Amino acid sequence: MIYEGKAITVKALESGIVELKFDLKGESVNKFNRLTLNELRQAVDAIRADASVKGVIVRSGKDVFIVGADITEFVDNFKLPEAELVAGNLEANRIFNAFEDLEVPTVAAINGIALGGGLEMCLAADYRVMSTSARIGLPEVKLGIYPGFGGTVRLPRLIGSDNAIEWIAAGKENRAEDALKVGAVDAVVAPELLLAGALDLIKRAISGELDYKAKRQPKLEKLKLNAIEQMMAFETAKGFVAGQAGPNYPAPVEAIKSIQKAANFGRDKALEVEAAGFAKLAKTSVAESLIGLFLNDQELKRKAKAHDEIAHDVKQAAVLGAGIMGGGIAYQSAVKGTPILMKDIREEAIQLGLNEASKLLGNRVEKGRLTPAKMAEALNAIRPTLSYGDFANVDIVVEAVVENPKVKQAVLAEVEGQVKDDAILASNTSTISINLLAKALKRPENFVGMHFFNPVHMMPLVEVIRGEKSSDVAVATTVAYAKKMGKNPIVVNDCPGFLVNRVLFPYFGGFAKLVSAGVDFVRIDKVMEKFGWPMGPAYLMDVVGIDTGHHGRDVMAEGFPDRMKDERRSAVDALYEANRLGQKNGKGFYAYETDKRGKPKKVFDATVLDVLKPIVFEQREVTDEDIINWMMVPLCLETVRCLEDGIVETAAEADMGLVYGIGFPPFRGGALRYIDSIGVAEFVALADQYADLGPLYHPTAKLREMAKNGQRFFN
């Protein structure tokens, strides 16, 4: 053994060839943390000191290569002054440089995934051989930063600036064949031949058949582009990427600027440019929010995994109610491998559901994400039925009938008598109390809510609602099934609107107040889209459906009359009464035309102003900042109440629910992190400025206490 640590070992393989193996003890994956970096330095020193070493193969002792840097250490590191961050990155890069500068050839054998620092380690090697099943990429832009261990320096010099910009700015994982095509790897082999492939490359380099020094040299030099080529490549890329990323996500464009600035430098000076830009991004609020989201997502996954121990295996599912929603649920279950019965009382609804599933599967085939054979397999896994004949062996039933408590109670009671005693019943309701629906059941312990968001195939969130009598097994089984469907489940307790809709309707309430105060809804949409929402509140209402919003508003007003009941007519009332229901019937706040792709396109329709005129009670002058606060303050305060009321267990789950469920701007991190970014005391003072607008704007006593004590939701 040449070197042995807790994360890295170096040992002889054969005739002067050594293996530098990453295998971080006590962890399921390899990652770059302080320990790993320190051991890499020691391992490289040990290799350099051993005259018998003729070549080095870098590989992993786990199912994946290296997943990147340890994000938990980012939180502490990014609090350091900018100069210390730069120094830390340069120190890490000296370790990578020392490996790259070894006097012997090096080969990285890539299995599983090599992301971020994992790929940057591979780029420091002379050659890379990749398993056919492996994936590589530099996803740092998704955290509001860019690669900091040499990725913006080595990758452009290896695969060309255009390809490197595409890889870095997109932050996607890349398949082996794509990596080989652009020259990011030198060979692709079957997983079982990975070590043999690496040995073949290293032996050819040792023998002189391959010139490893010539292979290494371009990574040490400036980019091979003249001034005109640089201007064309970088300026065009910056314009395109800025348009794609938008103004709230600076990292992709900053990565291009770093590559451009370092283009005429050799490796060491170029790495200094990279480190300086990395440190600047690391200190932004965007990076703080996106890293916070990543950590929150990891927390969600840990909590969901904790349910696995007692969850029952779902081998056969069923959905009650076909149509678009039922078809979407059936598609998601089938395409992820769980066969599902789709029942309705009407043949036309069954056909609508099957058509929806078939359309979604067809779209995946067209995009190359599914083979025709797999499409046929998924379609065969959806069994339409008009009866309960095959329900005896169903493990979970998702009820997705009309949003009416009496109808849902009747259907749930009926199906309960058709399934085995331990089958789970789950209602896909968006607002109706789970405790109320449970009253119709003989086995309420087997009943939960399972709230999918529309469209099912696109929205990542599923709210799993625990009723007063829901058993831990019922909750755990539903969480496990949601995960199996490829969704991110969050467990919430029962209340009107649960988490997401309870928080969303105060936001809509703020919007209604603005319209009643004479503020142009088109202006409101523009302001909130600029704030970061994927669509403004008027457009969102049209997409959701004015009738759906009207019904949901009434449910919330009944549940929380002290702050959500408004005696005055609102914009939603006026549109509902005028039968302007949004996209579904072509007119809501906006009118809708069909574009060339057959998609609805919104256009301004002046006739809506006459519909809204009776509900405008004043003409108040408001700034864009006022518009944001009228809407965001009640949303944030209701999120605080959900946490305080125990509807959601943690701040992480609350924020992720809003990001995944309603498109809360990710770069702002979620409602509670948004409060943190303002400062709890400052947010309370801000809310107090709008106290005259009603109880939705009144901070809770506990939040005032947090403000007084200087507390935050996230440390």
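Each residue, glycine too, has its Cβ placed from N, Cα and C.
The region 'Enoyl-CoA hydratase/isomerase' annotation in Swiss-Prot covers 1-190.
Look at Swiss-Prot and you will find GLU120 (among others) tagged as site 'Important for catalytic activity'. Secondary structure at GLU120 (site 'Important for catalytic activity'), as computed by DSSP, is helix. Residues near GLU120 (site 'Important for catalytic activity') in space but far in sequence (CB under 8 A, at least 6 apart, same chain), listed by position: PHE96, LEU138, PRO147, PHE149, GLY150, GLY151, ARG154.
Sequence annotations record features per position, and here Swiss-Prot assigns site 'Important for catalytic activity' to GLU140 (among others) based on sequence analysis. In the three-state DSSP classification, GLU140 (site 'Important for catalytic activity') falls within a helix.
Feature annotation from Swiss-Prot assigns substrate binding site to ASP297, ASN501, TYR660; the stated evidence is sequence analysis. The 10 Å shell around the Cβ of ASN501 (substrate binding site) contains 20 further Cβ atoms across the protein chains shown.
Long-range Cβ contacts of HIS451 (active site, for 3-hydroxyacyl-CoA dehydrogenase activity) within its own chain (separation 6+, distance under 8 Å): ASN428, THR429, SER430, VAL462, GLU463, VAL464, ILE465, PHE498, VAL500. Residues or ranges marked as active site, for 3-hydroxyacyl-CoA dehydrogenase activity in Swiss-Prot (evidence: sequence analysis): HIS451.
Here the Cα atom of TYR660 (substrate binding site) is found 20 Å from that of GLU140 (site 'Important for catalytic activity').
A distance of 32 Å separates the Cα atom of GLU140 (site 'Important for catalytic activity') from that of ASN501 (substrate binding site).
In three-state terms derived from DSSP, ASP297 (substrate binding site) belongs to a helical segment. Counting only same-chain residues six or more apart in sequence, the Cβ atoms lying under 8 angstroms from the Cβ of ASP297 (substrate binding site) belong to ASN488, MET656. On the 0 to 100 pLDDT scale, the region 'Enoyl-CoA hydratase/isomerase' (1-190) averages 97 in the predicted structure. Our reading of the substrate binding annotation (ASP297, ASN501, TYR660) yields a largest Cα to Cα distance of 20 angstrom.
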